[in-house]
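K.L.:
Have a look at the structure that comes next, please.
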Amino acid sequence: MCGIWALFGSDDCLSVQCLSAMKIAHRGPDAFRFENVNGYTNCCFGFHRLAVVDPLFGMQPIRVRKYPYLWLCYNGEIYNHKALQQRFEFEYQTNVDGEIILHLYDKGGIEKTICMLDGVFAFILLDTANKKVFLGRDTYGVRPLFKALTEDGFLAVCSEAKGLVSLKHSTTPFLKVEPFLPGHYEVLDLKPNGKVASVEMVKYHHCTDEPLHAIYDSVEKLFPGFEIETVKNNLRILFNNAIKKRLMTDRRIGCLLSGGLDSSLVAASLLKQLKEAQVPYALQTFAIGMEDSPDLLAARKVANYIGSEHHEVLFNSEEGIQSLDEVIFSLETYDITTVRASVGMYLISKYIRKNTDSVVIFSGEGSDELTQGYIYFHKAPSPEKAEEESERLLKELYLFDVLRADRTTAAHGLELRVPFLDHRFSSYYLSLPPEMRIPKDGIEKHLLRETFEDSNLLPKEILWRPKEAFSDGITSVKNSWFKILQDFVEHQVDDAMMSEASQKFPFNTPQTKEGYYYRQIFEHHYPGRADWLTHYWMPKWINATDPSARTLTHYKSTAKA
């Protein structure tokens, strides 16, 4: 996880403007650099580095002798960079995975380049020879990117919105900052005065499409057809490959472990592959919760079963509530379920950074959206409607779960890796017949559970453990995080405030006291930026008024009441 930042055509003092880049210093605690672009006194790059690959030569912007006119600032991991280097016989100057972007661009242009990348990324590529600027982001938006572009051609780009909101520009006192769309790249012309003009925004990949880079993958051949045993075999192959390719790092690997299906599968497969790779350390797994919470108990079972070096982080309701302000500042959103679920992830990331040497952290993010794991999928009117909803959730990941996962870990200088959002694994899963992917026998993610039933990766009670929302599983049924928050906000927001909510917050008006409380905090940090969240995350088909799984009639808990 790194932080990237760039300005083109600034009409204010760059030394003053660069101060805004320090607001994302948490993303790269190992080193930082600011560099002016040759020949353009009002253009510069900023970079905060978390050294994960090639600690000696990995500073950015990346420039190599062969292409002196190319400047690259990127945040991400390109898992197939070595395969592409060997395939096209590129001569590398560094061991940095991102260098492949320069070679591919020189060989085939921006579209072929971005379609060949197997990984997660957000980048700014400058070509001074052809006077072009390119912005790009991975399919699911696992790595964040924000931009501000004024009518007169001032462009500002950053990993997080907080690095842009305080920038000054003569013609636009209030810069419109917006997220760069996942699965897209943008082409901009660079003018002699350093300003830019947008040429085109291109959608280069959809989650259901098999990626172009698949033809160069080293994964073993998949079997054709949709017979259940064939599908299960292919899913195991692709999942194991998704884990394996993400072992690329020079830093210690750890894994978040809630004791739910997704994180448990990741942890078990990860530990197995680390042993095969003969890494010189034990896998550290991390669980958080209040004492005797369902997640802590389940995670302990998994850790004992797989033999990881397990860490349990206990927190109380007061610590959780006190963290809300810094959590919302880090997230840059006021979405209710995102904030709720982020508290535990924020606190455990803080623990990992302070108490361990694990830096690259695996997690199970993306599985619920991909495999129809949310409880409300039981209410889907048809397999086809469930399929549509799954694709919608994946398309909006960058606003919700992926945002949460990135900001809570990056806030503490950690890098998150999410194998369930692997291009090959996800596109194959989405290609399966809709009826194979829906809940079965009252159990969500039935196909995924069935796939690993005979693998001995996990205890049966974990493999078939019902869905538990992370924000609820870290507490208990009797005193859930949901209930704790409702009791707290009842004393912070009164009925009079709620009656005037639509006047105070006309856009995305909060409908609950909890939502009002979060919105107040957000507006304090980011006044006038409510449109960063287009809509609240809510379950479908059930007329819910709150996103908590605790409020659903289908909810089942493995905890003792």
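Keep in mind that glycine also has a Cβ here, set from the backbone N, Cα and C atoms.
Okay, these came from Swiss-Prot:
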DOMAIN    2-191  domain 'Glutamine amidotransferase type-2'
ACT_SITE  Cys2  active site, for GATase activity
BINDING   Arg49, Leu50, Ala51, Val52, Val53, Asn75, Gly76, Glu77, Asp97  L-glutamine binding site
DOMAIN    213-536  domain 'Asparagine synthetase'
BINDING   Leu256, Ile288, Ser363, Gly364  ATP binding site
SITE      Glu365  site 'Important for beta-aspartyl-AMP intermediate formation'
MOD_RES   Lys385  N6-acetyllysine
MOD_RES   Thr545  phosphothreonine
MOD_RES   Ser557  phosphoserine
K.L.:
Using a 10 Å radius around each Cβ and counting other Cβ atoms from all shown chains, which of the recorded positions Ser363, Thr545 yields the largest count?
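P.N.:
Of the recorded positions Ser363, Thr545, the highest Cβ count within 10 Å belongs to Ser363.
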K.L.:
Would you list, in sequence order, the residues of this chain other than Arg49, Leu50, Ala51, Val52, Val53, Asn75, Gly76, Glu77, Asp97 that have their CB within 8 A of the centroid of the site's CB atoms, where the site is the one recorded for L-glutamine?
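P.N.:
Near the L-glutamine site, beyond Arg49, Leu50, Ala51, Val52, Val53, Asn75, Gly76, Glu77, Asp97, sit Met1, Cys2, Gly58, Val96, Gly98, Glu415.
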K.L.:
Out of Cys2, Arg49, Asp97, Lys385, which of these recorded positions is nearest Gly364 (ATP binding site) by C-alpha distance?
P.N.:
Cys2
K.L.:
Hey, how far is Ser363 (ATP binding site) from Val53 (L-glutamine binding site), Cα to Cα, in Å?
P.N.:
20
K.L.:
Pop the mean pLDDT for the domain 'Asparagine synthetase' (213-536) in here, whole number is fine.
P.N.:
95
K.L.:
Tell me, which recorded positions from Cys2, Leu256, Ile288, Lys385, Thr545 are within 10 Å of Gly76 (L-glutamine binding site) if we use the C-alpha atoms?
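P.N.:
Near Gly76 (L-glutamine binding site) by Cα: Cys2.
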K.L.:
Return only the integer: C-alpha distance in Å from Ile288 (ATP binding site) to Asp97 (L-glutamine binding site).
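P.N.:
With distance taken Cα to Cα, Asp97 (L-glutamine binding site) is 33 Å from Ile288 (ATP binding site).
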K.L.:
Could you state the whole-number distance in Å separating the C-alpha atoms of the residue listed as 'active site, for GATase activity' and Glu365 (site 'Important for beta-aspartyl-AMP intermediate formation')?
P.N.:
19
K.L.:
Which one of these binding-site residues, Ala51, Leu256, has the sparsest Cβ neighbourhood, judged by other Cβ atoms within 10 angstroms?
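P.N.:
Looking at the binding-site residues Ala51, Leu256, the Cβ with the fewest others within 10 Å is that of Ala51.
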K.L.:
Taking just the CA atoms, what is the gap between Ala51 (L-glutamine binding site) and Lys385 (N6-acetyllysine) in Å?
P.N.:
43
K.L.:
If you measure from the Cα of the residue listed as 'N6-acetyllysine', which of the recorded positions Val53, Asp97, Glu365 is the nearest?
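P.N.:
Nearest in space to the residue listed as 'N6-acetyllysine', counting only the recorded positions, is Glu365.
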K.L.:
Specify the secondary structure state of the residue listed as 'N6-acetyllysine' as given by DSSP, simplified to three classes.
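P.N.:
Helix, per DSSP.
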